[in-house]
Amino acid sequence: MASQLTDAFARKFYYLRLSITDVCNFRCTYCLPNGYKPGAVNNNGFLSVDEVRRVTRAFSALGTEKVRLTGGEPSLRRDFTEIIAAVRENPAIRQIAVTTNGYRLARDVERWRDAGLTAINVSVDSLDARQFHAITGQDKFHQVMDGIDAAFAAGFDKVKVNTVLMRDVNHHQLDTFLAWIQPRRIQLRFIELMETGEGSDLFRRHHLSGMVLRDELLRRGWIHQIRQRSDGPAQVFCHPDYAGEIGLIMPYEKDFCATCNRLRVSSVGKLHLCLFGEGGVDLRDLMAEDRQQAALEARIAEALTHKKQTHFLHQGNTGITQNLSYIGG
């Protein structure tokens, strides 16, 4: 086995975010307000099941133990269950997660579980059905809520819910969210609105630092938890009176990048060292056959030597990320 992926700043990488499509059926104001427009896909289309199997096998040989399937909306893939099963074949991958808008969750969550899915993140930016519709462009709030209930019924011990924190949209609804998670094992993660190439105006209007919520949680007696090595970037808080937890993802906070442990592969097979980096390294030509695995591992390891110490969001440089559906946020 090759050595653990480590960059020039001694950061170790245990976590792969793998986009399997950039298509999404929602039109969220902060991501795809005008809906999905085909652009990134060439004649080869999105990664096949076999390509997913090969690239995750290569990453696991380099120490990856967690894979998150993202999009776009990953459940739009007709072969999504097969993709989960292909990743599950590899015993070195301990966690297989999905980030979904939740609209197919109630229908399919049991099949995903049986295929090997171990964790679920659902995007919910408001607990008000009308506001949910306004943000997403889809009147599917109750369908998504039913999906979260179905995930618990299917045996998932915890469900993570992602909420993009937006000034004058949902930042004043903390009490509503806290009441929702008090009896439920939901980790509610507030994600700071991030500037993208297509979203600069929205960012200027609605960005709010997660530190505002952090200070309020600490004032109310919430306790900051210790992070595990394959966890995502959230600072997680718990409270003895709540079954749920709160996570804060604050990419503009000082030293956010110091604990980076994740790499990204796009739905067309490009390795992205940072969500807000440039270009990407093409891996797809080395995913065609099993015998290419050593070369694929070598290209991944070499690419990591070029990973920067930090993103440049503070300078307004959003890199190649025009919207968050492109490489899965």
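Every residue gets a Cβ built from N, Cα and C, even glycine.
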Which of these, R11, R17, does Swiss-Prot say binds GTP at the same site as R68, T99, K160, R262, L263, R264? R17
Report, in whole Å, the straight Cα-to-Cα distance of R17 (GTP binding site) from Y30 (S-adenosyl-L-methionine binding site). 20
Spatial neighbours of G72 (S-adenosyl-L-methionine binding site) among the binding-site residues C24, C28, T99, C260, defined as Cα within 10 A: which are they? C24, T99
Where does C274 ([4Fe-4S] cluster 2 binding site) sit by DSSP, helix, strand or coil? coil
Within 10 Å of C274 ([4Fe-4S] cluster 2 binding site), Cα to Cα, which of the binding-site residues R17, C24, S123, R262, L263, R264 are there? R262, L263, R264
